[in-house]
Amino acid sequence: MGVNLKEIVDPVKKEIEFKQLFGKVIAIDAFNALYQFLFSIRQDGEPLRDSKGRITSHLSGLFYRTINLLEYGIKPIYVFDGTPPKFKIVAWEKRKKHKEQLESKYKEALKKGNIQEAIKYAKSLGKLDSYMVEEAKKLLEAMGIPYVQAPSEGEAEAAYLTKKGVSDYCGSQDYDSLLFGSPRVVRNITISEKRKLPGKNIYVEVKPEVIELEAVLNYWKITREQLIAIAMLLGTDYNEKVPGIGPKTAIEIVKRFGDPIKVIEYYKIPNGKEIFEFFLNPPVIDFEPKWGKPNKELIFKILVEEHDFNPERVERAIERLEKALNKINQKTLFSFFGS
C-alpha cells in the first residue's frame, strides 16, 4: 500500500528527463515494479495471459521495461521483499476483514481506468502470487540483471544500498524508502512513458520524478524521525491512520510535540515504538551487483516455449538487451581502469 506522503513531497519533487539518469544505478523495489507491470500492460487493467490462461503481464513488463531502462544507460538492481515484520502481518489480517469492500473498490478502479488506485487495492488483496515472483527472478537471472533478496522489506534494503552508495537512487512509486532513510528516490521509471487519463481518451507524458530526503526535511523544517511520526499518523503498511488527521495537521502535531515518541504515545498507535524503531533500523544485507551476459536460450525457453511470447519479438528484444548490456559493461570496465 505504501504511505501517502504525496502532499508532503510535492513541494520539492523535481521532474527530470530519462537521459539525466544515464550511468546511474537504481535499486528498484521489485514488488512495486511487478505490481505496476501486472496492471499497466493493458488499458483495461486486466493482465496478459498465455494459451494456458497463466498470467504473463509481470514477465512482459519486466522484460521489455528493463531493456528500455538499459537503453537509457540506467543500471537496474531489483530488490525483492523478504520476511515481513510481524506488525505488517497483523495489519494485513485487519485489512483482509474488509476484503469484499476492497475487491469492490479494486474492480471500480479498474473500470474507471485508475490503475494506481487498482494497484493500491491489489496489494492489500495479495494479487501478486509467489510463483510470479519466482518467475521474475529466473527471468532476471537469464537476462544478466542483478537482484537481491532482502531479509525483510525491499524498500528498506533499497534505501540501505542507496545510503551506502551502491546505488544512486531507490526506484519506487511509493515513498516508504524515504522513511527508511534513502537520500534519493526516483519515481515513474517502471511505468509507461505515456499514461491515459482516467475516463478520457487522452494520453499525457510521464517523466521521472526525483525526491531528495534532505530537501523534504529542510522544506518542512523537520527531522527524519519526525517524518516517520508524520507518516505513522497518516497510516503506513504497519498501522492504520489516525482518523481525522491529514498531512498538514500531522506536520503541525509533530512540530508541536517535538519528540516523535511522544506523538506515538499520545495517539496510542498500536506497536508504535516497534514500528518507529523498524523504520530507523530495519534488517538489511550488503550486496555488490554485477551485470552479466544474457542467456539467450534460457530467455527464449522462459518466454517463448513456456509462455507463448512472440518469438520474433523476443529475438529482437534479446539483441537490444545484448547491445545495451555490452555498452554498460564496457563503460564499467573503462571507469575501473580510469579511462
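Glycine is treated like the rest: Cβ placed from N, Cα and C.
Of all ranges given (284-292, 293-301, 302-310, 329-337), Swiss-Prot attaches the label region 'Interaction with PCNA' to 329-337. Within Asp81, Asp237, Asp259, the residue that Swiss-Prot lists together with Asp174, Asp176 for binding Mg(2+) 2 is Asp237.
In Swiss-Prot, the Mg(2+) 1 site is described by Asp81, Glu153, Glu155, and among Asp29, Asp50 the residue recorded at this site is Asp29. Remark: Glu155 (Mg(2+) 1 binding site) has Asp29, Asn32, Val79, Cys170, Ser172, Asp174, Asp176, Ser177, Phe180, Ser182 as non-local neighbours, by Cβ distance under 8 Å and separation of at least 6 in sequence. Residue counts for the region 'I-domain' (117-258) under DSSP (helix as H, G, I; strand as E, B; rest coil) come to 68 helix, 20 strand, 54 coil. Least packed by the Cβ count within 10 Å, out of the binding-site residues Asp29, Asp176, Asp237, is Asp237. According to DSSP, Asp81 (Mg(2+) 1 binding site) sits in a coil region rather than a helix or strand.
Within the same chain, the residues at least 6 positions away from Glu153 (Mg(2+) 1 binding site) whose Cβ sits under 8 Å from its Cβ are Asp81, Gly82, Pro84, Pro85, Asp176, Phe180, Pro282, listed in sequence order.
Other than Asp29, Asp81, Glu153, Glu155, the residues of this chain whose Cβ falls within 8 Å of the Cβ centroid of the Mg(2+) 1 site are, in sequence order, Ala30, Phe31, Asn32, Val79, Ala150, Gly154, Ala156, Glu157, Ala158, Ser172, Asp176, Ser177.
Around the Cβ of Asp174 (Mg(2+) 2 binding site), the number of neighbouring Cβ atoms within 10 Å comes to 22.
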